[in-house]
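*Asks:* So that we are looking at the same thing, I have put the structure below in structure tokens.
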Amino acid sequence: MNQNFTDHVAEAIQAAFAEAQRLNHTEVTENHLLWAFLKDKEGYFYSLLNGLGTNPQKLFQETENNIHHLPTYSGGGQAPNPSRSLQSRIVDAQNIAQSWKDTYTSSDHFLISYWKNGGDPFASWKKKTTISLEKLEEQIKKIRGDRHMDSPSSESNLQALEKYCKNLTDLARQGKLDPVIGRDEEIRRTMQVLCRRTKNNPMLIGDPGVGKTAIAEGLAQRIVQQDIPDSLKNKQLLALDMGSLIAGTKYRGEFEERLKGILQDIEKSEGQIILFIDEVHTLIGAGATDGAMDAANLLKPALARGILHCIGATTLNEYQKYIEKDAALERRFQLVLVNEPTIEDSIAILRGLRERYEIYHGVHITESAIHAAVLLSSRYITDRRLPDKAIDLIDESASLIRMQLGSRPLPIDNKERELAGLIVEQEAMKRESTPLAKNEVEKLEGRIAQIKEELKILREQWDQEKKIIESLKEKKDKLEKLRFEEEAAERKADYNRVAELRYNLIPQLQKEIEEAQTQLNNKPNRLLQEEVDESLIAQIVSKWTGIPVHKMLEGEAERLLHLENELEKRVVGQEIAVSAVSEAIRRSRSGLSDPNRPMGVFLFLGPTGVGKTELAKALAFQLFNQDEALIRLDMSEYMEKHTVSKLIGSPPGYIGYEEGGQLTEALRRRPYAVVLFDEIEKAHPDVFNILLQVFDDGRLTDSKGRVVNCKNALFIMTSNIGSDLLLEKMEQNKQGLAKDEIMLVLDPVIKKHFRPEFINRLDDILPFVPLREHDMEKIVVIQLNLLAKRLKDRDVELMWTPQALAHLAKEGYDPHFGARPLKRYIQQEVINQLSTAILEGKIPPHSHIKLELEGNTIRFKSFAGGKN
């Protein structure tokens with residue numbers, strides 16, 4: 001027997017033998033083979049019968065019935081032999097293949113053989129159809145074209161466009177594509193390139209998420225609506241699926257054959273097909289194994305001759321990396337730049353998509369949610385592009401509401417938990433026989449009955465609200481279908497149906513939706529929330545970015561107005577610095593500062609221990625509600641030239657290149673942060689060169705060429721240069737100095753240490769004055785409050801007398817070293833005593849401790865269980 005079968009036929013024969021053996025049949029008949037052909041619903045045999053308008057599924061069932069009634073044998077393990085009917089069927093199919101000048105016998109040869117002289121059940125099934133042999137052969141020739149079965153995989157490459165492409169025009173006709181809002185200029189430019197005589201292949205280039213694929217979908221929708229030039233009318237726009245094209249290509253040459261099949265089908269269409277290739281850079285190297293040609297080289301001749309109309313889409317980085325290197329491929333495409341839409345355009349895009357997301361999730365998306373999604377994503381999610389990031393926010397917020405709609409409302413959940421607890425308590429009380437227990441049982445019964453009644457009312461309300469929401473979802477779904485039907489009727493010029501839909505059915509349904517929405521909104525104390533609003537959008541943004549939700553909405557203005565008060569709770573005696581920093585943050589948040597510069601750039605100058613680093617920490621907490629928002633870089637680590645590259649990452653070829661820079665990576669992950677350069681005077685001069693572009697343009701390029709946005713960060717540098725001069729001046733003037741007087745002292749030192757271009761880029765140089773004696777008591781209170789907080793975790797309350805407070809402030813004061821000696825003094829005099837007493841068991845839980853001054857020593861008194 002000639003073994004030249006296509007892969008599909010070989011697989012069918014194997015499946016027929018395997019099924020016969022499984023059923024313990026003595027031989028493999030032609031019906032086993034027919035069963036194997038029909039079992040593969042994606043196969044060529046099945047699709048041929050389907051394309052003729054017959055019912056191949058019914059034939060499959062009849063064939064399966066037939067083979068299950070064949071005689072079996074009891075002995076296992078014996079391989080069945082091919083029957084005479086199967087052998088003659090194979091020979092007949094091979095003769096047909098030979099007469100058609102095909103090298104390989106394929107499924108269609110077997111189908112013709114069955115059609116000519118197949119036995120039951122095929123023969124009886126064929127009689128019920130009205131299909132002639134001539135019609136079958138015509139259908140085969142239509143699918144095949146001028147192709148012959150000249151390789152084992154030839155059958156797989158028939159109808160290649162249907163297998164490896166997605167028809168965007170069909171999807172647009174069925175209303176399955178999202179509406180494309182705006183982008184008229186880009187779609188017009190794409191059509192302009194497609195209408196050219198040569199190089200009529202547009203290449204859509206833009207950042208990820210700006211809507212390149214949407215432009216192709218918009219073009220498909222315009223083709224369906226006939227809103228295009230005459231030369232593009234009735235064209236088919238197909239999207240190539242590279243994944244399915246490559247998948248399963250085990251042997252060399254299979255991939256090329258599939259691609260050749262696609263190109264032949266496109267050539268056969270005589271210019272009626274436009275191919276859209278998303279992520280077009282994947283063509284470079286695709287399918288190239290052991291010296292085989294890649295997809296790009298196979299496409300070049302078709303692109304050059306104008307056989308293939310192609311729209312490519314890729315990002316600028318990938319275009320430069322892959323396509324620009326291949327000059328022959330590059331010149332066959334014409335670039336169409338797709339820029340990120342503006343805030344206004346993004347809002348319009350989201351308005352257009354709102355109804356689709358409302359219908360899908362069964363929720364209501366407010367106008368404020370759309371504005372919040374665009375504005376908050378634009379401001380806080382800096383590493384992604386509009387409109388993609390704003391659409392994702394709306395989608396995730398709507399899915400959260402939908403998830404909540406499907407679960408029990410909190411009031412019902414709380415009541416059910418309370419009821420379960422009371423029932424357990426009642427059962428326990430029933431075991432007691434005392435009069436008090438009986439009285440308690442009666443009380444519990446009354447409370448249980450009351451909660452059951454409340455639960456009944458709540459469940460009824462929940463059911464009603466669920467029904468209204470489900471009804472709204474169904475009505476909105478129906479409205480979308482009616483609108484789609486209206487468009488289809490208008491295209492077919494069925495104006496009677498258009499009038500009925502436009503002036504009767506659609507307005508009536510819209511009125512029903514409005515009434516249901518009003519009924520839902522007017523319900524008092526609603527259990528279910530089906531509205532996506534700005535607060536929910538802000539909540540999702542906070543989950544993505546880690547920036548607290550309440551820091552983004554109305555409360556922010558109130559908080560910024562009182563920023564000084566909050567900062568002074570942690571930083572004492574530095575009114576000048578606190579005020580200047582607060583003003584800079586208010587300027588930035590109100591939108592009046594330069595949008596292309598960081599939020600603020602400050603140099604804090606002053607002696608050690610006066611609150612420079614503490615103010616940076618306090619700012620991080622106030623602005624972002626967490627101390628983790630402080631990116632702290634100790635400049636003593638960047639004193640040598642070779643360490644400077646750690647800020648932006650090692651250059652290519654050096655160890656650490658893949659890891660990125662310590663500053664750039666931290667800012668990429670957390671663009672909203674306070675960046676603290678501690679002891680900046682110790683940094684190598686090259687560090688200042690890097691910081692110049694950051695302070696001036698709010699951007700920093702890392703070693704990989706990625707631009708990091710620094711516009712939302714607050715940069716603080718600390719230094720103690722000139723602090724000895726400042727201390728001398730303060731000792732001479734006990735009343736304190738104004739900022740101008742302090743700067744007169746520090747100016748010469750600053751100019752000596754820092755270059756003019758660096759000083760010129762600072763928003764302000766803020767002097768921190770040495771702490772005065774009267775500041776120390778406030779710092780003692782802050783330190784003791786922190787200690788009290790730690791003791792409260794052990795259920796111990798701490799108090800102190802004014803005398804103890806004054807003594808700690810006096811003894812811990814050192815103008816040269818700031819607040820740090822005070823912290824050490826409290827540790828020695830107070831914390832050491834308390835820790836020893838706790839370990840000895842002298843301070844049990846629920847104690848109250850009072851710090852008192854005895855002579856010149858701090859002592860504590862412990863009052864267990866109550867205050868003194």
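Glycine residues also receive a Cβ, built from the backbone N, Cα and C atoms like all the rest.
Swiss-Prot feature annotations, pasted as is:
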{"type": "BINDING", "residues": "Gly206, Asp207, Pro208, Gly209, Val210, Gly211, Lys212, Thr213", "note": "ATP 1 binding site"}
{"type": "BINDING", "residues": "Gly606, Pro607, Thr608, Gly609, Val610, Gly611, Lys612, Thr613", "note": "ATP 2 binding site"}
{"type": "COILED", "residues": "391-525", "note": "coiled coil"}
{"type": "DOMAIN", "residues": "1-146", "note": "domain 'Clp R'"}
{"type": "REGION", "residues": "5-70", "note": "region 'Repeat 1'"}
{"type": "REGION", "residues": "82-146", "note": "region 'Repeat 2'"}
{"type": "REGION", "residues": "159-340", "note": "region 'NBD1'"}
{"type": "REGION", "residues": "341-546", "note": "region 'Linker'"}
{"type": "REGION", "residues": "556-770", "note": "region 'NBD2'"}
{"type": "REGION", "residues": "771-868", "note": "region 'C-terminal'"}
*Asks:* Sort out for me which stretch, of 5-70, 556-770, 771-868, has the most Cβ pairs below 8 angstroms to the region 'Linker' (341-546).
*Replies:* 556-770
*Asks:* For the region 'C-terminal' (771-868), how many residues does DSSP put in helix, in strand and in coil?
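*Replies:* Taking the region 'C-terminal' (771-868) as a whole: 51 helix, 23 strand, 24 coil.
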*Asks:* Around Thr608 (ATP 2 binding site), how many other C-beta atoms are within 10 angstroms of its C-beta?
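*Replies:* For Thr608 (ATP 2 binding site), the count of other Cβ atoms within 10 Å is 17.
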*Asks:* Around the ATP 1 site recorded as Gly206, Asp207, Pro208, Gly209, Val210, Gly211, Lys212, Thr213, what other same-chain residues have a C-beta within 8 angstroms of the site's C-beta center?
*Replies:* Thr315, Val338, Glu340, Arg385, Asp388
*Asks:* Check the binding-site residues Pro208, Gly209, Gly211, Gly609 for other C-beta atoms within 10 angstroms of each C-beta and report the one with the most.
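*Replies:* Max Cβ neighbours within 10 Å, all protein chains included: Gly211.
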*Asks:* DSSP-wise, what's the residue breakdown of the domain 'Clp R' (1-146) into helix, strand and coil?
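*Replies:* The counts are 92 helix, 8 strand, 46 coil.
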*Asks:* Between the Cα atoms of Thr213 (ATP 1 binding site) and Gly611 (ATP 2 binding site), find the distance and write it as a whole number of Å.
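*Replies:* Checking the Cα atoms of Thr213 (ATP 1 binding site) and Gly611 (ATP 2 binding site) gives a distance of 53 Å.
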*Asks:* Within 8 Å of the Cβ centroid of the ATP 2 site residues Gly606, Pro607, Thr608, Gly609, Val610, Gly611, Lys612, Thr613, which other residues of the same chain have their Cβ?
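*Replies:* Checked against the 8 Å cutoff, the neighbours are Phe604, Glu614, Thr718, Asn720, Phe768, Gly818, Ala819.
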*Asks:* By the count of other Cβ atoms within 10 Å, pick out the sparsest of the binding-site residues Lys212, Lys612.
*Replies:* Lys212
*Asks:* Provide, as an integer number of angstrom, the distance between the C-alpha atoms of Val210 (ATP 1 binding site) and Thr613 (ATP 2 binding site).
*Replies:* 41
